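Step one of this worksheet: look at the structure below.
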Amino acid sequence: MKEIKVLEGNVVAKEGMKVGIVAARFNEIIVNKLLGGAVDGLVRHGVSDDNITAAWVPGAFEIPITAAKMANSGKYDAVICVGAVIRGDTTHYDYVCNEVSKGVAQVGLQSGIPVLFGVITTENIEQAIARAGSKAGNKGYDCALSAIEMVNLLEQM
Ligand SMILES: Nc1c(NC[C@H](O)[C@H](O)[C@H](O)CO)[nH]c(=O)[nH]c1=O
Ligand SMILES: CC(=O)[C@@H](O)COP(=O)(O)O
């Protein structure tokens, strides 16, 4: 097979990389762990903590508008969104999840910078705990590495 050109971003942060994080305060006990995981992942892979800015919003539904403000400010190379939406007794969960996921994706497409979806959407608190730094890892940490990779990839295009 002929040799083809393959583009791939590594997970070493470029010099001076700036990251915004939007964190939803609802289920704060979970989201604090996601935020900490994101910061840990960023710093361990070369982002200076001086170049990380987090903004707290009331709930996941407020993430997209805040992510859009950050993404379009020109101040950040990437934006990470973290939150925890846990199903309750009504269909409210479905509406929140749908709008947050669509909204975050739209911000990335519209702004042209990587906007990472680190909002866990679970049936119960146990599933959320598992994804916020226990047996299923930390979605915030995962998003940190993906943010670095995507910044490095898009800069090659
Ligand atoms: N139930 C959860 C919410 N609900 C609140 C909404 O996100 C929003 O803040 C409210 O509807 C006002 O616009 N938010 C979460 O982040 N997680 C939940 O489990
Ligand atoms: C995800 C939610 O909005 C949910 O926690 C709200 O709970 P409920 O459906 O019992 O009002």
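Keep in mind that glycine also has a Cβ here, set from the backbone N, Cα and C atoms.
In TrEMBL, annotation is done automatically, which means it is predicted and not curated.
Features as listed in TrEMBL:
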- His92: active site, proton donor (ACT_SITE)
- Phe26, Ala60, Phe61, Glu62, Ala84, Val85, Ile86, Phe117: 5-amino-6-(D-ribitylamino)uracil binding site (BINDING)
- Asp89, Thr90, Arg131: (2S)-2-hydroxy-3-oxobutyl phosphate binding site (BINDING)
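Phe61 (5-amino-6-(D-ribitylamino)uracil binding site) carries a helical DSSP state (H, G or I).
With a cut-off of 6 Å between Cβ and the nearest atom of ligand 1, the binding-site residues Ala60, Phe61, Ile86, Asp89, Arg131 reduce to Ala60, Phe61, Ile86. In the structure shown, across all protein chains, Ala60 is the one of the binding-site residues Ala60, Val85 with the greatest number of other Cβ atoms within 10 Å. Once the Cα atoms of Phe26, Ala60, Phe61, Glu62, Ala84, Val85, Ile86, Phe117, the listed binders of 5-amino-6-(D-ribitylamino)uracil, are compared pairwise, the greatest separation found is 16 Å. The 6 Å Cβ screen around ligand 2 retains Val85, Thr90 from the binding-site residues Ala60, Val85, Thr90, ordered by sequence position. A sphere of 10 angstroms centred on the C-beta of Thr90 ((2S)-2-hydroxy-3-oxobutyl phosphate binding site) encloses 8 other C-beta atoms.
If you count neighbouring Cβ atoms within 10 Å for each of the binding-site residues Ala84, Ile86, the highest count belongs to Ala84. In this structure, Arg131 ((2S)-2-hydroxy-3-oxobutyl phosphate binding site) belongs to neither helix nor strand by DSSP; it is coil. Shown in sequence order, Pro58, Gly59, Ala60, Gly83, Ala84, Val85 are the residues of the chain, 6+ apart in sequence, with a C-beta less than 8 angstroms from the C-beta of Phe26 (5-amino-6-(D-ribitylamino)uracil binding site). Across the structure, Ile86 (5-amino-6-(D-ribitylamino)uracil binding site) and the residue listed as 'active site, proton donor' place their CA atoms 10 angstrom apart. In this structure, the C-alpha atom of Arg131 ((2S)-2-hydroxy-3-oxobutyl phosphate binding site) lies 22 angstrom from that of the residue listed as 'active site, proton donor'.
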